[in-house]
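Visitor: I'd like to ask some things about the structure below.
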Amino acid sequence: MDPRAPRRRHTHQRGYLLTRDPHLNKDLAFTLEERQQLKIHGLLPPCIVNQEIQVLRVIKNFERLNSDFDRYLLLMDLQDRNEKLFYSVLMSNVEKFMPIVYTPTVGLACQQYSLAFRKPRGLFISIHDKGHIASVLNAWPEDVVKAIVVTDGERILGLGDLGCNGMGIPVGKLALYTACGGVNPQQCLPITLDVGTENEELLKDPLYIGLRHRRVRGPEYDAFLDEFMEAASSKYGMNCLIQFEDFANLNAFRLLNKYRNKYCTFNDDIQGTASVAVAGLLAALRITKNKLSDQTVLFQGAGEAALGIAHLIVMAMEKEGLSKEKARQKIWLVDSKGLIVKGRASLTEEKEVFAHEHEEMKNLEAIVQKIKPTALIGVAAIGGAFTEQILKDMAAFNERPIIFALSNPTSKAECSAEECYKVTKGRAIFASGSPFDPVTLPDGRTLFPGQGNNSYVFPGVALGVVACGLRHINDSVFLTTAEVISQQVSDKHLEEGRLYPPLNTIRDVSLKIAVKIVQDAYKEKMATVYPEPQNKEEFVSSQMYSTNYDQILPDCYSWPEEVQKIQTKVNQ
């Protein structure tokens with residue numbers, strides 16, 4: 001069956017309420033027959049249009065608006081009104097709309113979320129619901145949920161503790177699960193766990209929609225998380241994917257290690273960021289013509305993103321034949337207190353793994369001059385951290401320096417694409433976390449900065465995991481994903497400065513990632529969906545969400561003529 005063909009869908013809804021159901025509403029695309037039989041004739045203008053015209057109308061309204069925040073609100077209103085049309089709009093130009101529904105605009109939306117809140121798009125579960133989380137989950141109208149994105153709002157992008165306002169992240173993330181990965185949106189559930197906030201402005205804001213007290217921590221917090229994980233898995237199944245998003249460093253690794261072997265879970269800030277960064281590095285190596293194990297990598301930042309990338313680089317270097325110990329020696333990290341070295345005070349267990357025998361240093365410029373890295377990766381959300389001197393030094397040490405400014409949003413980027421290319425005279429191999437415009441150099445070349453967006457990773461991973469019912473998600477999934485992404489980058493893309501496939505191909509990239517995950521899952525006996533499909537690509541494709549409107553008219557058909565004869569008299 002062609003997955004693009006209209007699907008027949010049964011509903012008891014009729015009349016006005018049907019037009020208020022975003023899963024069923026077609027707006028002006030309802031045919032005359034549908035309008036009459038579904039009792040909505042007269043509620044809509046007489047004009048009947050197809051979805052293509054509807055998309056054009058949305059884009060026209062979108063382009064009339066002056067701010068990205070207003071554009072975000074327009075798209076969120078559309079999602080609340082007509083789900084199929086919303087995703088059709090996103091998929092019509094992913095490169096244009098992704099920065100609005102996700103980074104960088106979603107950061108501004110989260111800061112304004114208390115003002116922008118209009119209707120429920122997910123579940124808010126507070127610490128005071130402890131002991132009753134299963135009951136709160138019952139409030140969600142969908143019985144089948146295969147993917148959850150959950151946050152506690154403590155570390156939203158590079159913006160810090162936004163508490164309940166962080167709900168914009170799970171909502172935006174799951175929108176990309178569907179637009180980029182084809183995961184059914186009705187099977188996705190955004191959740192915010194509200195345990196309070198340390199944000200003074202929010203605590204004093206009378207319009208703040210969350211709990212107005214300090215964050216609950218320690219054993220009570222852990223018991224709350226344990227209950228949530230147990231309740232969600234009990235209700236939706238042990239194969240329900242639970243993605244952790246924007247938890248603070250002190251909890252992110254701890255919770256991942258605690259739950260990864262019991263539930264189907266991953267942390268996108270750690271593992272997703274790692275995968276997309278390593279994908280960029282693998283693509284960059286096709287330019288430098290050497291191996292990953294030949295690199296010396298310096299991180300500005302030592303939080304969950306940096307450590308996640310570092311661990312995946314080690315795994316990739318091991319695959320090239322290097323020992324774990326030697327691989328770790330090629331990785332250096334700088335945190336807020338300076339270079340991470342052995343004997344330095346207050347090192348966490350995760351940071352200790354990458355501590356070197358070296359003198360203590362604090363100044364990043366001096367550290368770069370001393371270490372002479374071949375690759376410099378920024379994930380500390382310190383805007384402008386890669387100074388002109390650092391960029392000059394990187395270009396002096398390397399013919400083709402690898403410079404990744406991965407912090408979000410744009411204001412937190414370590415340097416801009418233009419700064420990087422101009423200082424290095426176009427020799428830098430650059431990638432960023434937020435989008436930057438193409439840069440034209442004095443010699444006439446135009447370079448297109450690669451955007452190392454996690455959206456290349458998590459939609460495909462989610463699609464693959466959900467499709468085959470993968471029970472646990474290990475780190476090899478993310479190395480495999482990085483390899484698949486890098487393989488989609490053509491030589492022409494590399495010449496243009498792109499380290500990632502064009503965003504308009506992201507749905508195809510996600511399909512390839514998902515198919516590889518499904519293949520490996522069955523090969524390693526980790527899948528739970530049986531019988532095993534013979535054609536894995538066809539199997540995954542058949543499960544991808546279609547934006548074509550469903551057929552919701554009653555299933556009408558005829559009987560044979562002889563049985564339809566009207567009896568007019570009783571036989572004696």
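Here the Cβ of each residue, glycine as well, is placed from N, Cα and C on the backbone.
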Visitor: From the candidates Asp222, Asp269, give the one listed by Swiss-Prot for the same divalent metal cation site as Glu245, Asp246.
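Guide: Only hit among Asp222, Asp269 in Swiss-Prot's divalent metal cation site, alongside Glu245, Asp246: Asp269.
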Visitor: With Swiss-Prot open, pick whichever of Ser114, Ser336 is annotated phosphoserine.
Guide: Ser336
Visitor: Within 10 Å of Gly308 (NADP(+) binding site) (Cα-Cα), which of the recorded positions Tyr102, Lys173, Glu245, Asp246?
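Guide: Cα within 10 Å of Gly308 (NADP(+) binding site): none.
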Visitor: Nearest to Asp269 (divalent metal cation binding site) by Cα distance: which of the recorded positions Tyr102, Arg155, His311, Ser336 is it?
Guide: Arg155
Visitor: How big is the gap, in Å, between the Cα of Met317 (NADP(+) binding site) and that of Ser336 (phosphoserine), rounded to a whole number?
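Guide: Cα-Cα distance, Met317 (NADP(+) binding site) to Ser336 (phosphoserine): 27 Å.
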Visitor: Work through the binding-site residues one by one (Ala302, Ala305, His311) and name whichever has its CA nearest to the CA of Lys173 (active site, proton acceptor).
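Guide: With Cα distances computed to Lys173 (active site, proton acceptor), the winner among Ala302, Ala305, His311 is Ala305.
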Visitor: Excluding Glu245, Asp246, Asp269, which residues of the same chain place their Cβ within 8 Å of the centroid of the Cβ atoms of the recorded divalent metal cation site?
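Guide: My list of surrounding residues reads Thr151, Arg155, Ile156, Ile169, Phe244, Phe247, Ala252, Asn267, Asp268.
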Visitor: Which site among Ala302, Ala305, Val314, Met317 has the most other CB atoms no more than 10 Å from its CB, taking these as binding-site residues?
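Guide: Sorting the candidates by Cβ neighbours within 10 Å, the top entry is Ala305.
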Visitor: Per DSSP, Val314 (NADP(+) binding site) is which: helix, strand or coil?
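Guide: Looking at the DSSP assignment, Val314 (NADP(+) binding site) belongs to a helix.
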Visitor: If I take the Cα of Asp246 (divalent metal cation binding site) as reference, which of the binding-site residues Ala302, Ala305, His311 has the closest Cα?
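Guide: Going through Ala302, Ala305, His311 one by one, the Cα closest to that of Asp246 (divalent metal cation binding site) is Ala305.
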